[in-house]
Each structure stands twice: as C-alpha cells, then as structure tokens.
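Colleague: Features from TrEMBL:
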| type | residues | note |
| --- | --- | --- |
| REGION | 1-117 | region 'Disordered' |
| COMPBIAS | 50-59 | compositional bias 'Basic and acidic residues' |
| COMPBIAS | 60-69 | compositional bias 'Acidic residues' |
| DOMAIN | 85-162 | domain 'Casein kinase substrate phosphoprotein PP28' |
| COMPBIAS | 102-117 | compositional bias 'Basic and acidic residues' |
| REGION | 151-181 | region 'Disordered' |
| COMPBIAS | 151-167 | compositional bias 'Basic and acidic residues' |
Amino acid sequence: MPKGGRKGGHKGRARQYTSPEEIDAQLQAEKQKAREEEEQEEGGEGAIGDPKKEKKSLDSDESDEDDEDYQQKRKGVEGLIDIENPNRVVQAAKKVTQLDLDGPKELSRREREEIEKQKAKERYMKMHLAGKTEQAKADLARLAIIRKQREEAAKKKEEERKAKDDASVAGKRLQSLSLNK
C-alpha cells in the first residue's frame, strides 16, 4: 500500500472514446436541425421542399468535409477531436504561383535594428571625417600639437647640424692654418 493509505490515483481509470462514425452522425444531425430551423424562420416555404435538393445539399456537405480532410492531413487522434482555439493559426501551404516575390519583404526586429545600427555608424563616420564630432575635434587638436612639436624638433635638429658643420669647418681651418706655419 502506498504512503498515506490511499489506493491508486485517477489516472488508471478506463477511458471511453467516441468512434468517428458516431461523431459524423452527430454532426450531420446538428446540421440538419440547423437547416430545419432556418427553413422555419424563413416562413415555412422550404419545409415541404424537394427531398432531392436536401439530398444534394447533404452530399455536397459531405464532399466539402472530404476536401477538408484531404487538405489537412491529421495525425493520430487529431482527426477525431475538433479544436476551436482562436490563437491557433492554421498554416496554409502556398503554391509557387501564389508567392509574391516583387512585394516588399517584412524585416524582423533584429534585421531592422542591424540596418539602423549600420546607418548610424556610417553617419558618424561621415561627421567624424568632416571634423564635426567631439572625438574628431580632440583628434585634430592633438594632431596640431604633435605637428608643432615635430616642426620644432626638426628646426632644432637643423640648427644643431648647421652648428656642427660650422664647427667642423672652423676646425679644418685651424688645422690647415697650423699646418701652413
């Protein structure tokens, strides 16, 4: 015996299923009742009506149901149970001739965000190259300072080179003068 002194649960009970023939018979009876009610509402004109027309309409309803069965191949018990879920979207297979390739394609949220990101990056780069962004202004200022420093360093080097040349020329003159004596 399980804990708590209880016997088995509810899951082992026998289940009863309705056969597909019984379900079809019930559906047909409901449709016939609905037709009779419609005929009575119209004023009783079609209550006596042609039995041939009624048979044809019944046959056409059956053929419509058969067409639906061929369109939607159901798996397992799904054919026996009729589900009315408003949130369920039935995906109809489209033929190649029905596809609209020329129309605008809906982009997903991620694709849209990615495109916007790329456009923003391009806009920023254009402004950056034009020198209108804060970062570009800071870069240009830094570049100007570096250029000045390099120019000053180049001038100093040139002066030192000239001074060295002058010194070497003066040294050569002294040597030549001392040799001439």
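For all residues, glycine too, the Cβ spot is worked out from N, Cα and C.
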Colleague: Quick test of the contact rule: Cβ under 8 Å, at least six residues beyond the ends. What residues does that give for the compositional bias 'Basic and acidic residues' (102-117)?
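Modeller: Here no positions qualify.
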Colleague: DSSP on the domain 'Casein kinase substrate phosphoprotein PP28' (85-162): how many residues come out helix, how many strand, how many coil?
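Modeller: Split by secondary structure, the domain 'Casein kinase substrate phosphoprotein PP28' (85-162) comes out as 54 helix, 0 strand, 24 coil.
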